[in-house]
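Student: Here's the feature list from Swiss-Prot:
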{"type": "BINDING", "residues": "His13, Glu16, His104", "note": "Zn(2+) binding site"}
{"type": "BINDING", "residues": "Arg55, Asn62, Arg63, Glu162, Tyr272", "note": "substrate binding site"}
Amino acid sequence: MSSCGVLVVAGTHGNEVNAPWLLQQWQANPDLIDAAGLAVQKVIGNPEALRRRCRYVDRDLNRCFLPEQLEQGASGLEFQRAGELLRLHGPSGEQPCAVAIDLHSTTAAMGNSLVVYGRRPADLALAALVQGALGLPIYLHEADAQQTGFLVESWPCGLVIEVGPVPQGLLNAGVVEQTRLGLESCLRALYQVRQELARLPDALVVHRHLGSRDLPKAENGEPQALVHPELQGRDWQNIASTQAMFRAADGTDRCEAWVGGEIPVFVNEAAYAEKSIAFSLTRREVWPVEPNWLLALKQLLAAA
């Protein structure tokens with residue numbers, strides 16, 4: 001690796017328009033976001049999907065970073081774009097980056113939040129620094145064989161900033177502002193690590209992925225009930241064991257069992273209907289921060 005640059009990606013999904021608009025404004029006004037002296041590469045993840053205002057053209061780009069398929073030359077616009085991003089800005093690319101920050105929005109009531117994939121020490125260090133600065137909740141997504149190939153996993157360190165709720169395709173000033181705050185906090189944290197100024201909090205609070213639930217469906221795949229109105233909008237919240245998950249058109253509740261301590265996230269996210277996900281379930285955990293997390297991030301940024 002010849003650079004510790006930072007890759008900032010917006011528009012990984014073409015109908016998530018707020019982060020691309022923010023990057024366009026940043027390009028026009030470099031003082032809009034403090035890059036903290038870092039070498040930042042600003043990229044639209046899926047330009048064609050953004051032009052069409054659709055999530056993707058052939059396949060979800062954020063599931064295309066699969067080494068085996070990329071090595072075999074998998075076809076389709078998004079696989080080609082994934083390979084191009086790695087050739088340009090991957091750890092050994094033409095303009096190599098060590099860190100990737102992927103900017104997303106959601107129709108779910110996730111607020112301003114972070115998504116971390118797995119338990120790489122450098123990722124956890126960056127997430128802990130941002131959580132310590134802004135108090136953002138963290139969704140730790142791991143051990144889900146049905147959901148793989150995420151963009152940030154192809155860089156040595158990476159986080160997703162996820163902001164919502166906002167309808168697909170709608171520009172919203174509040175969402176843009178929250179995205180900017182999250183991005184600036186990430187860049188500031190990386191600067192502090194490089195300058196030996198970073199101080200990790202004592203603990204990291206994560207919501208660890210347990211699995212996902214789909215809507216009840218008939219044999220033909222049509223939903224028989226929808227997310228319960230009292231569950232809608234309750235991302236990150238403790239749910240009573242008696243709370244119904246779903247409600248049918250006639251008002252009948254579907255009371256499937258909750259396991260104690262389960263907390264929903266991405267409740268009724270519009271884009272996940274095609275993935276047969278009505279919401280995901282997590283468990284809130286408090287982890288002691290380990291010294292090797294910050295060391296891993298320091299070593300990564302010092303490798304330039």
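Using N, Cα and C of the backbone, Cβ positions are placed for all residues, glycine too.
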Student: Counting every protein chain present, what is the number of Cβ atoms, excluding its own, within 10 Å of the Cβ of Tyr272 (substrate binding site)?
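Tutor: Counting Cβ neighbours of Tyr272 (substrate binding site) within 10 Å gives 20.
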Student: Whole-number Å only: compute the distance from the Cα of Glu16 (Zn(2+) binding site) to the Cα of Arg55 (substrate binding site).
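Tutor: Their Cα atoms are separated by 7 Å.
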Student: Quick check for you: of the binding-site residues Arg55, Arg63, Glu162, Tyr272, which have their Cα within 10 Å of the Cα of His104 (Zn(2+) binding site)?
Tutor: Glu162
Student: For Arg63 (substrate binding site), name the DSSP secondary structure in the helix/strand/coil scheme.
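Tutor: Assignment for Arg63 (substrate binding site) reads helix.
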Student: Give the helix, strand or coil assignment DSSP yields for Glu162 (substrate binding site).
Tutor: strand
Student: For the recorded substrate site formed by Arg55, Asn62, Arg63, Glu162, Tyr272, name the remaining residues of the chain with Cβ within 8 Å of the site's Cβ center, in chain order.
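Tutor: Going along the sequence, the neighbours appear as Thr12, His13, Asp60, His104, Ala271.
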Student: What's the CA to CA span in angstrom from Arg63 (substrate binding site) over to His13 (Zn(2+) binding site)?
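Tutor: Given the Cα positions, Arg63 (substrate binding site) is 11 Å from His13 (Zn(2+) binding site).
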Student: Residues other than His13, Glu16, His104 within 8 Å, Cβ to Cβ centroid, of the Zn(2+) site?
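Tutor: Close Cβ neighbours, site residues excluded: Gly11, Thr12, Asn15, Ala19, Arg55, Asn62, Leu103, Ser105, Thr106, Ala271.
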Student: Would you measure the largest Cα separation among Arg55, Asn62, Arg63, Glu162, Tyr272 for the substrate site and round it to whole Å?
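Tutor: Output for substrate binders Arg55, Asn62, Arg63, Glu162, Tyr272: max Cα distance 16 Å.
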